[in-house]
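S.K.: Here it is: the structure, laid out below.
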Amino acid sequence: MGLGDAYRRMLYRYHLVMNEIFSGYGSFVARKPWIPFTVGILLLGGMTVGLVKRTTETDLEKLWVEHNSRVVEERLYFNERFGGIPRKQSVTITSRASPDAQIDLKRSMDALSLAVAPLYDSLTMKKVVGGAKQELGEVDFCERPIVPTSLKPGKNPIKDNNWGAWGLQFLSTCSVFWAYTGVVPSSAALPEGWGITRFPCTKLTPMDCFKEGGDFDYPEEMKLLERPLPDLGQLKNLTLIDVILGLFQMTTAPVKCVNLLKTNITAQFKESGRPVAEVNSILLEVVSTMELAFTWGYRWRKPYSGMKNNEEIIDHINAAVENGRHRSPDPGKPQILDCILQKMPCCMTWFGGHIPIYTALGSVEYDPSGRNITKLGGVRWGSNNYHHDHPLFAEYINSRLGATTDSNERDHLVKEWENVMIHDLDPLRRHAKNTSFGDGEVYGDLQLEFNMWKSTEDIIADASKSPLWQIILGVVLVSIYAFIAFLNFRDPVHSHTGLAAVGMAVVGFAVIAGFGLTALCGISFSPLAGSVVPFLALGLGIDDVFVLVSILRNFLEDPKLQALSRPGDLVPEREMRLTLALAGPSVVLTTFSVLAAFFISSLNPMPVAQWFCWQMGLTATVHTLGMILIFMPIMALDARRVKARYNDPNLWLFCGIRNKSSKAPEAPYKEPAFNGDSFDVSDPSFQESSGSSVISRWVAKYYAPLFESNIFKISVVIVFAGLLVSMTYLGFEKVEHGLRLSDITLTGSYQNTFAITTEDRFTSYDVWIVTRDIDYAKNQKNLIEIYGALENTSWNPPQPGILEGSALGTLYLWNKIVFNASWPLPPNNETLFYDYTKIWSAGPLGIVSLQDLYCDDGVTKQPLSCLQDSHAPGYKSNPNFRIAASKAGMFALHLGSKTSSNLAMIKETRKIVDDMNTKFGEDVAFMYGFPFLFYEQYLHSYRDLYLVVGLALVGVFIAVLIFQFSITMSLIIVGVLLMVDLEVYGFIYVIGAKLNSLSLVNLGIVVGMSSEFTYLARSFLVVDGTRNYRVRKALEWTFEPLLHGFGTQIAATIPLIFVKYHAFRLYYFAMFTIMGVLGFLNGFVLLPVILSWIGPPTLPHIKKLSQKGVAQDSGFRASPYHGGDTPMMTHNGITVP
């Protein structure tokens, strides 16, 4: 008993303090409204200044890569070394009739060539940099080998140091002379001064399986190596490089041309004074370049133009893939030589490495074995352009422009170029006339789709723009609703449309100020900020306006309460005290509930969702300040208008400024029966009150009495139990996880049609095995073991092999060719390892791998160029040079946009590498790539869901406990909110949405948004009587304002139907409408049933008398909703006149 009494006394005091706070503020704003009003205007106005600091984030990685996961550190590590994920470009060709139909492969590959060839060979972008005009093209932005000094053009190798190119030209002239003994002119050889100005870009097309792969983006100087020469006996279809290498291989000692070359170089060295000892290394370099040049090009591949039909082309690809499966695991034995000499079908790059051909094919069907393709519905060109912060690109573009560029300038440059490509390709996609893709033109029956890396950023930037006319429509709809709700033509004095309009203005002001505060806090704006926040803030904010105005209106309409005012006293102190004492705790409670839901939902690790929650939370905070500091004083001013008998300003045109026929209350003024400083809403004089409006009377007469019937209540429980069980099943068993690009792109845009075409048809993507800061020489075997384990997974394609395509693999091949070195290279001799590496880096094989390396000074850790070009002017060898990081690619199969397949790949490949790291006792490598960045979040969707919803419920529980003074009521409210959340979760499946960061946040904030029915809970707590009676009275008091709140929420979100992006319509209009409907039904159908059975007792009645209290008069019933004309009766049957 002692503890119980102490608890009740504490509760009494707390209850009294809360009433004193709210009623005291009501008195203050009634007497001095301009003080808080001025403070509010200055405070919110100051916040709006923050808009000048507003920043919009469009970087997909910064928006969509979750915090608090391992991928955050991995991304940072990767970006610091490689700049970021390469900027991927893609063009697809499918049937216009259906993207799944078998296409004419000849015409489709011709169409693909027609589309992408100009990007390399003719399309340019003019720029002025540093006062100089520049003409840039795809070759300046794509990942491609950098031409080393040794292979550049030049006639004087002593000066130019281009020994590789000069030596190859010398050997070509010698070889043509010896092979044809003067019959073929020397002009058939490489021209004097020959050299390479650029290498082809690293790209992927199905044409690489055929001779036509060299029809574009293959420099003329390299095509000279494939210049046709006459037959030599039985040797047919010879080219220049065949003759050069063939003569070298067939000539017995002395090797005529090589000896002549050595003699020439020696003579030049002696003449220039250079050490003759260098001649042998130069000679070795020339011969190695010649051997590798033999593997370049497309001369040996069959042309698809000569093939009869689709079946022959598909058979050729199947044979090439099968050959790729049987390649040697030894990187020192490249299959390219067999492909050339045995004329085998092979799908390879221009330099003789296997290509991931399956990545270039779409809508693929296989035979029962799963090894042979039987149908192809699409072909694709793919290219990796440099990330603007990649060290190689920064080095190249600065040299190309003759100016030093920073990260922002390079970023702007690459995006400008992508815009040029978009402008070039879009007419083909739209079937414009005279593009060859127009209606009735040669490729009119084919559909081209494309996507650039900036395309997604363009979507984000566009979605971040506030939809102005939709916002205006939302404001108009809510204003009309509020105007009708508070319009009173019969008594224009008691019409409050002007006050409602000011409330709308305050809500709008709060939204703008909230945006300013968000900017001041350094939170970037995302697509959700501009397109969603204004609608939600409007819908949530106007609820408080309805509750406050409705309660004040009823006090002002009660003539017996007005009779307590002295004649001529226009200060609405009593009305404002009563209004804030009754509504204040509930308004603040719902605000705290919303804040708890949003700020707790910001625990979602996805930045785009996190920022949205912070923005909504801050906006809700500012809204509350606006209500307290600006709107409540305006309410007091409007109450003065009513007491002075002035009409609603919005009706002055129709009814005049002052209604002369309107009379003040006829009841005589009565002195208050007591004095007091506070007012307690549980005063018995308020227990019998009811609303005077049509809706309140309907509720009192028809709806509230239903809760007296046990049959009705049992039926309600059965219906809601069925709804809960079915929706819980759908939520946990049927809802898919993920968010497709096609879900968030603008319907009909090139991004949208590309996504729809490719998501389930072109399902292979590249991922990387990225090395940590390791001793590269000592970890060679470890890396080979990791590569081998990954190659044995089902995700790895038949070709290329991971080791084969890696920098380590090309390093081994080069040293096998040049030095006949075995692999791995000596692991315990780091100096020798890096001597080999430096020579390789400037050779024909090293240069194709440089984009996959990051190098630095092993002592100072300062970045170094991985191209150790010893022939370059001013070159100085760094003894501390080392490979600080590398990435090796794996083209994972069967991914597409399915979350399940991406997660399965992530788990398996990551486990393999992690287990290997454990085995080695060192963190050697990790898996990384696009799927790891953007699908990592779905590995723990349920964990995030439970965390966000659970903590939101805890936050609401605490808020309800603080402002409702009842543990039992807090538990009931939280239980009903959990039911609403589970029901909304099930409806995610019904509306076709998925569980992702957007819906997960919604499931958190539904807890706060649905807490509006705490108004009903508070009313239940302040009414005395049986539970059924208290439920009836609570419904009579609260149903109307909350019905209006629900109506305005719907009105505010209706314009979201018209936003451009389907994702916003689905995840915000549809979900928020469902949240509103389910919250309202659970709050005003199910909750009253629960309260009628197990609701807590009435709050303690505490009255503190003062001079400014409300008269406790048995003849008058001053109440929130009682008009004062009807005698009231307490629940125990005692009549009060």
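Even glycines carry a Cβ here, placed using N, Cα and C.
What TrEMBL records for 467-637 is domain 'SSD'. Feature annotation from TrEMBL assigns transmembrane segment to 468-487, 499-523, 535-556, 576-600, 612-636, 945-965, 971-991, 998-1021, 1041-1059, 1066-1094.
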S.K.: Are the transmembrane segment (612-636) and the transmembrane segment (971-991) close, by which I mean at least 3 Cβ pairs under 8 Å that are 6+ residues apart in sequence?
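M.R.: Contact criterion not met.
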S.K.: Should anything in the same chain at least six residues away from the transmembrane segment (971-991) have a Cβ under 8 Å from its Cβ atoms, list it; otherwise answer none.
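M.R.: Here the qualifying positions are 720, 723-724, 726-732, 734-735, 949, 953, 956-957, 960, 964, 999, 1002-1003, 1006-1007, 1010-1011, 1013-1014, 1017, 1066, 1070-1071, 1074-1075, 1078-1079, 1082-1083, 1086-1087, 1090-1091, 1094-1096.
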S.K.: Using a Cβ cut-off under 8 Å, which residues of the same chain at least 6 positions beyond either end of the transmembrane segment (535-556) come close to it?
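M.R.: Here the qualifying positions are 470-471, 474-475, 478, 482, 485-486, 494, 496, 499-500, 503-504, 506-508, 510-511, 514, 562, 572, 574-576, 578-579, 582-583, 586-587, 590-591, 594, 616, 619-620, 623, 627, 631-632, 635, 638-639, 642-643, 691-692, 1009, 1012, 1015, 1040-1042, 1044-1045, 1048-1053, 1055-1056, 1068, 1072, 1118-1123.
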S.K.: Given the cut-off of 8 Å on Cβ pairs that are 6 or more apart in sequence, determine whether the transmembrane segment (576-600) and the transmembrane segment (998-1021) share at least 3 such pairs.
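M.R.: Between the transmembrane segment (998-1021) and the transmembrane segment (576-600), which are separate recorded stretches, there is contact, as judged by 3 or more close Cβ pairs.
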S.K.: Count the CB pairs under 8 A between the transmembrane segment (1066-1094) and each of 468-487, 499-523, 945-965, 998-1021, 1041-1059, then give me the winner.
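M.R.: Out of the listed stretches, 998-1021 contacts the transmembrane segment (1066-1094) most.
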S.K.: Excluding the flanking five residues on each side, which residues at least 6 beyond the ends of the transmembrane segment (998-1021) place their CB within less than 8 Å of a CB in that stretch?
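M.R.: Tertiary neighbours of the transmembrane segment (998-1021) are 540, 543, 547, 585-586, 589-590, 593-598, 600-601, 604, 609, 612-613, 616, 739, 941, 944-945, 948-949, 952-953, 955-956, 959-960, 963-966, 969, 972-973, 976-977, 980-981, 984-985, 988, 1030-1031, 1033-1035, 1037-1039, 1041-1042, 1045-1046, 1063, 1067-1068, 1071-1072, 1075-1076, 1078-1080, 1082-1084, 1087-1088, 1091, 1095-1096, 1098-1099.
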S.K.: I'd like to know the mean pLDDT over the domain 'SSD' (467-637).
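M.R.: Computed over the domain 'SSD' (467-637), the mean pLDDT is 84 on the 0 to 100 scale.
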